[in-house]
Amino acid sequence: MADEELLLAAEAANGCWQGAAATETKRLLRLAGPMVTSCFLQNAVNIMSLMFIGHLGELPLAGASLAISITSATGLNVITGMATALDTLCGQAFGARQYHLLGVYKQRAMLVIGLTCVPFSLFWANAGRILAFIGQDPAVAAEAGTYARWLIPSIFVNVPLQCHIRFLQTQSLVLPVAASSGFTALCHAAVCWALVYRAGMGIKGAALSNAISYAVNLLILALYVRLSSACERTWNGFSMEGFKELRPFAALAVPSALMICLEFWAFEIFVLVSGLLPNPQLETSVLSICLNTSILLFMIPLGLSYSVSTRVSNELGAGQHQAAKLAMKIVMCMALSSGFVLTLAMTLLRHIWGHMYSNDHEVVSYYAKMLPVIGISFFVDGLHASLSGVLTGCGQQKIGAAINLGAFYLAGIPMALLLGFVFHMKGMVWTSFAQHLSSNLAHQHL
């Protein structure tokens, strides 16, 4: 690894950009492949739980869907965002060869992020009553409250899991993460079936299975960190140093969380607003399908984002600024290529794709009209995600949060409301347009 870094730096310094670009492309692909796979597999846990719940009936599915939306917005996205502070700290420490700091940063992250879970868990415990109070259907709110309460153990397990993933990722140890995620996904199907059907726990069992699967994933990664020679320089066990300088970590973790959450919260607002349009059942149904498609496909640019944040932070830590710039240029080319292929595929398969989600002709037809537009917005959002990874690697999360705030809340959402309620464009058109506009603005400002 060190020899490759020196070779890349030497090639960049001597102006041999072809060789440096080829080397950097290989390194990014070695990172991106397992990271994209890991993102897909980690997302599969929630999808499988929802699939099992769907066979319990319409009410449990509606309640669980609402609970997942609420708990993601008020906890899971925040945890994931705060954990990305380790992409900066651990990545730069590894590049600077200050290996002992990686273990210290991981401990600080687990402590600070773990403390933030306390108010989130209190909110989840009362989610049913809160949802009923703000006007949700009482039966759906009750189901959502039950699911949210039984999800509480998962939030506390997810904290050390996310920290371990970032700890390994910043050392380019991504194959163990992909392997553990794959094993966990396989186990989750069995655990979910056993709790939901065999034990007769229903929706409670589906929620609890998430915590068990996260714990399995965490155990595998923790054993790898403890036993593997690859981590012997970066993990020396728990120390009192991990309890110091918590405020500086929080100062980086909060804007890291905001940078991610501001984007995801915007899409939650789009879902809520779509219910106010004419024919809300159709608008909301198609929007949900589009968002599920976007989330699934977004795992590709998300994997690229994690990969480039690792490369940029490592090179900046090593003082190789030109190599960091090269990594940014290469990942932009990769994002453009993957975005073009996926946009083309979505356009060509637009009349087939919708049948995977619904048998309703009106829904499928509406969805087919929107897929090319969503493809364009996805193309731009892929560039946005990659550049967000660069900002994370540089430790400039505050800039990213400010850009997302302006792009989504000062431009995207107002434009969505204007097109939807003033110009009476169909909901999916203005939503996709707003997403495209938001991502485009973020890209231009980056």
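Note that the numbers count up from 1, one per residue, in the order the chain is shown.
Quick reminder: no glycine exception, Cβ is built from N, Cα and C everywhere.
Residues or ranges marked as transmembrane segment by TrEMBL: 35-54, 66-89, 109-127, 139-161, 173-196, 208-227, 248-273, 285-309, 330-353, 373-394, 401-423.
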For the transmembrane segment (208-227), sequence-distant contacts whose Cβ falls under 8 Å of one of its Cβ atoms, 6 or more beyond its ends:
45-46, 49, 150-151, 153-154, 157-158, 160-161, 164-165, 167-168, 176-177, 179-181, 183-185, 187-188, 191-192, 195-196, 201, 235
Out of 35-54, 66-89, 139-161, which stretch has the largest tally of CB pairs under 8 angstroms to the transmembrane segment (173-196)?
35-54
Under 8 angstroms, Cβ to Cβ: which one of 139-161, 248-273, 330-353, 401-423 has the largest number of such pairs with the transmembrane segment (373-394)?
330-353
So what's near the transmembrane segment (35-54) in sequence-distant terms, Cβ-Cβ under 8 Å and 6+ beyond its ends?
60-61, 64-65, 68, 165, 169, 174, 177-178, 181-182, 184-185, 188-189, 192-193, 196-197, 203, 206-207, 209-210, 213-214, 295-296, 299-300, 302-304, 306-307
Looking at the stretches 139-161, 330-353, 401-423, which one shares the most CB pairs under 8 Å with the transmembrane segment (66-89)?
139-161
If you count Cβ pairs under 8 Å, which stretch among 109-127, 139-161, 248-273, 330-353 touches the transmembrane segment (401-423) the most?
248-273
State the residues, same chain only, that lie 6 or more residues beyond the ends of the transmembrane segment (248-273) and have a CB under 8 A from a CB inside it; answer 'none' if no residue qualifies.
69, 72-73, 77-78, 80-85, 88-89, 105, 108-109, 112-113, 284, 287-288, 291, 388, 391-392, 395, 397-398, 400-401, 404-405, 408-409, 412-413, 416-417, 420, 431, 434-435, 438
